[in-house]
Amino acid sequence: MKLWSEIHLIVPETPFSLRTMSNQTLVTEFVLQGFSEHPEYSVLFFSCFLSLYFVALTGNILIILAIAFNPGLHTPMYFFLFNLATMDIICTSSVIPKALEGLVLEENSISYGGCMAQLYFLTWAASSELLLLTVMAYDWYAAICHPLHYSTLMSKAFCGTLAAGVWVLCAFNTAIHTGLMLHLNFCGPNVITHFFCEVPPLLLLSCSSTYVNSIMIVLADAFYGILNFLMTIVSYGFIISSILKMRTVEGKKKSFSTCSSHLIVVCMYYTAVFYAYISPVSNYSAEKSELAGVLYTMLSPTLNPLIYTLRNKEVRAALRKLSPFFRN
């Protein structure tokens, strides 16, 4: 990756909204390459993505409504599931509408401000989901390993603090990355080799030094991808150990079935994250990143409500009360 260390003066914007840097013009919009390399599949991609978006929105909204209007689901587990569904809606809504537009139009452009906004909300929701999965793993750990003290360990105040901490911490972290991105200059190619604005391909387009950005990415990877993942693994290590120590087979089955849905979601989400992002920016692969992007911005938000609904009797019962469709 080529880096520039020169410092240039930015002159005021012209009436045509073009910014100039020295004798070069700074880009005011980007072009999302998306899936334009395979135009023969555009109709197929559009149909699949539109279907995934519809299912993701419908499923997550139904989970939010079911939990909000059913007092029996006002417990820590469903409180965190409520937050997860909200994050999924933000994540998928920040990406799929623009991706669908790109499949219809020959050239999918996005303004500089729009790109930064998409980057912020997507990164905020995705990073919040990683942290929330760890919090949910701790919730299962408290429920299975310390059942007698569960109500004390997971009080309403503590759960609210955990959820607020996830949202605020990730909003602050995302603000730092977006702020650093705003300080970069983009004066050359403006084609993003992805179907949404993402940090690695944007850094490759910058014509100013990205050293600080790269350092912050390494720190974020270490926290979200490694430390966070290890805490989740440790929680499940204690959970599995406690389940194996149970005397009855029925008790083991019941305990494992209650946390297996969450384990499936954790494995699916971290697989996409590790596949795409736990690598240097210089080793960025457009094809690999696009595949991972589909997994965590489209497939994961679609499957999450299905996984939790199909494997959870309480949620299914709440949905039956909520909608006549589920009573059949």
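Using the three backbone atoms N, Cα and C, a Cβ is placed for every residue, glycine included.
Keep in mind that TrEMBL annotations are predicted by a computer and have not been checked by a curator.
Values in this document were obtained by computation on a predicted structure and should not be read as measured data.
Residues annotated as transmembrane segment in TrEMBL: 43-67 (among others).
Sequence annotations record features per position, and here TrEMBL assigns domain 'G-protein coupled receptors family 1 profile' to 59-308.
The transmembrane segment feature in TrEMBL is assigned to 79-100 (among others).
Look at TrEMBL and you will find 120-141 (among others) tagged as transmembrane segment. Long-range contacts of the transmembrane segment (120-141) within the same chain, counting only residues at least 6 positions beyond its ends with a Cβ under 8 Å from a Cβ of the stretch, are 76-77, 80-81, 83-84, 87-88, 90-91, 94-95, 154, 162-163, 166-167, 169-171, 173-175, 177-178, 196-199, 220, 224-225, 228, 231-232, 235-236, 238-239, 258-259, 262, 265-266, 269-270, 273, 296-297.
Positions annotated as transmembrane segment by TrEMBL: 153-176 (among others).
If you look up TrEMBL, you'll see 222-244 (among others) marked as transmembrane segment. Sequence-remote contacts of a segment are chain residues at least 6 beyond its ends whose Cβ falls under 8 Å from one of its Cβ atoms, and for the transmembrane segment (222-244) they are 127, 130-131, 133-134, 137-138, 140-141, 144-145, 252, 255-256, 259, 263, 266, 270, 273-274, 277-278.
For 256-278 (among others), the entry in TrEMBL reads transmembrane segment. Among residues of the same chain six or more beyond the transmembrane segment (256-278), those with a C-beta under 8 A of the stretch's C-beta atoms are 129-130, 133, 136-137, 140, 143-144, 200, 221, 224-226, 229, 232, 236, 239, 243, 288-289, 291-293, 295-296, 299-300, 303-304, 307-308, 311-312.
As annotated by TrEMBL, transmembrane segment applies to 290-310 (among others).
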